[in-house]
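Asks: Quick paste from TrEMBL:
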- Gly203, Gly204, Pro205, Gly206, Thr207, Gly208, Lys209, Thr210: ATP binding site (BINDING)
- 182-558: domain 'UvrD-like helicase ATP-binding' (DOMAIN)
Amino acid sequence: MSQINEVAAREVESERLQVSVIGELFDERLTGTREQLARVLASPADGASETYEREVAAGRLAGEIRRLEGAEDGLVFGRIDLADGTVLRIGRLGLHRDADELPVLVDWRAEAARPFYEATPVHPMGLRRRRHLRLTGRTVEAVSDELLDGSSPTGQDVVGDGPLAAALQARRTGRMGTAVATLQAEQDAIVRSPHRGVTVVQGGPGTGKTVVALHRAAYVLYAFPKASERGVLVLGPNARFLDYICQVLPSLGENDVVLATCEELAGIVPGAADPYEVARLKGSGALADALAAVVRSRQAPDGDFDVRVGQEWIRLPGGDVAQARESARTSGLAHNRARQVFKELLVDALVRELARSGAEALERIDAEVAQLTGLDLDKAAAADLRRLGIDDAPASGADEFDADAVRADLLDDVLIDRAVEDLWPRLTPGDVVRALLTDGDEPPHPVQFTDDQWALLRRTPDAPWTDADVPLLDEAASLVDGPPEQVFGHVVVDEAQELTVMQWRMIVRRCPGRSMTLVGDFAQAGPATVARDWQEALGPHLGRRFDLRTLTVSYRTTQEILATTEDLLARIAPGRPPIRSIRRGEPPRTVATAPDALVTTLLRELREQGAAHPGELTGVICADDRMEQLAAAGIERHARLVPASQARGLEFDAAVVIDPDGITAARPGGERDLYVALTRATKRLCTITVPPAVEITR
Ligand SMILES: Nc1ncnc2c1ncn2[C@@H]1O[C@H](COP(=O)(O)OP(=O)(O)OP(=O)(O)O)[C@@H](O)[C@H]1O
């Protein structure tokens, strides 16, 4: 055994001992929590309040058990040796023994762990050495050290290949793994940022935006207790993407993060997708004003209003109705809730009207009696009462009107309810969106749209709701029923460049504290995106209140692949400096085929790649309208088949991109789809071009 190997073997052995001590403590904690849960569940509960308390305690313990179980795999992954000789081990969660001064294991999110991620030889942050541990289960397999204080390796230092290289060499599994052991300094600085407002992270493909976003979510849960109490939401562009990232947070011991798409957040399952030009229009902020105008148009139109009270019709002057409407609107309540305010104000106006008309009627009768008999009825009645010794008699008949009793009766009166329904009808979100977009109605016309655009927006009454209708329905829900019940303390949005104004409004509504981490890349924007940069996208919702960070190194896309996409990048994002990659790979290949030979060519390519690189994950990315043909040809038996519209954020060992021209032409902004497709591979890229048939036969 060489001297280096001997040192490594000895250090691995010594780490194994330490890790087994940590493992025992972890087991004690897990067993103890499970026993506690069993005791709580077995304890008797007397009455509803004790049952509730028991359920809360059981829920908390079950959550703790899930957290521990989630973090078990790869529990310990690092160690730092401070210049003063202190040793700290870093892991997915913290473990402490009462008798010890130092923690047995430091949670990676704790301040004490920061130097593990951010120390460099230039800024060693008090460290002598940083050590990475590679474990299989609980067995330490290898250690790798970096000396940070400029000292020479001693007989206890194992200086070799960095752990990042090992992490990047690992095969892709189709699910993203955590990068908690290898977060790089520029990523860690964002994950650990004390900024509680909005942080925007931009960067080219593979620079770790998703990695940063997910680790940031875990950090927020740990470091910002107030935000974590309200919960953390991670929003992704589609179910395929959420499936790709779904294991990262549980493996960091965080199970309570909500992962959702916009549709899931709104609780609506769309039955169709809109063409892109329609989706773009539906994403426009002008529709928020238009929806609010629809709701306003259903609130007590101008003019007098006749209400039936008992056998009589009472005419309410337009001024009174308008006053009730304005007061109800300024109550700040949503339409359906403000309806009660309006009803009460309307009834008040009616009571006043009844009192006034009652008094008028009595005066009229008095006048008629006086004219016929020459008798002043009021005076005569007062004189009678005085003779009887009663002198605080009511001065007139109108004072006998019991306004409170009349008001209470009217509030319970079905006829009044019917009148209010006419003036201020209860609305559903669907009513409002239908009123705006369905032919036949006369919605308030948003000025920003031309007649042609307006025609594109029209829907038939029984058309299913589309994906682009979802934010409109959500907006309408907030107008008629008020803000959403489920709000979050922190929101993480991945592929944030995809969001339309209406989707941003949905998200901002759910994050009253405006604490967010938004990651994305405008060079990868889809066809519904109108904004060209963050200021344009976020300005209407957040002004300039966001902290913009940029990641500069790609950990996925090889330098060779990035080089072939430079011209494309210059076209879709002029002036954008190219990013650099820490990966090297094979030069990308291009294969041309005739349209009718595409399937044969692709299958041959996949078979050859499968034979040369067994066990690797290959993604075949094609224009959406080619999916059916390739799925029918059984491509999914050999590779993951992904439509270009859903390739954002995904990653494969190898990618085969089908018919780049077809992807470019398939939908507006197709060159950005192509850029996304070309940057998904960590090792090799093959592009199959399908020249038009005429060119081939010529
Ligand atoms: N610090 C790191 N340690 C190990 N792997 C990393 C690290 N940072 C990024 N990676 C890996 O690089 C790949 C790309 O990361 P990620 O998906 O987060 O990039 P992205 O910027 O979101 O890409 P895209 O723009 O395509 O969505 C992933 O496999 C990820 O695990």
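Cβ coordinates come from backbone N, Cα and C, glycine included.
Predicted automatically and left uncurated, TrEMBL annotations should be read as such.
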Asks: DSSP on Thr210 (ATP binding site), three-state: which is it?
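Replies: The three-state answer is helix.
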Asks: By the count of other Cβ atoms within 10 Å, pick out the sparsest of the binding-site residues Gly204, Gly206, Gly208.
Replies: Gly208
Asks: Fewest neighbouring Cβ atoms within 10 Å: which of the binding-site residues Thr207, Thr210?
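Replies: Each of the binding-site residues Thr207, Thr210 was scored by Cβ atoms within 10 Å; lowest is Thr210.
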Asks: Roughly where does the domain 'UvrD-like helicase ATP-binding' (182-558) sit in mean pLDDT, to the nearest integer?
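Replies: Here the mean pLDDT over the domain 'UvrD-like helicase ATP-binding' (182-558) amounts to 87.
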Asks: Given the binding-site residues Gly203, Pro205, which one has the fewest other C-beta atoms within 10 angstroms of its C-beta?
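Replies: With the binding-site residues Gly203, Pro205, fewest surrounding Cβ atoms within 10 Å: Gly203.
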Asks: Per DSSP, Gly203 (ATP binding site) is which: helix, strand or coil?
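Replies: In three-state terms, Gly203 (ATP binding site) counts as strand.
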Asks: Same chain, not part of Gly203, Gly204, Pro205, Gly206, Thr207, Gly208, Lys209, Thr210: whose C-beta falls within 8 angstroms of the C-beta centre of the ATP site? Give them in sequence order.
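Replies: Near the ATP site, beyond Gly203, Gly204, Pro205, Gly206, Thr207, Gly208, Lys209, Thr210, sit Asp521, Leu551, Ser554, Tyr555, Arg556.
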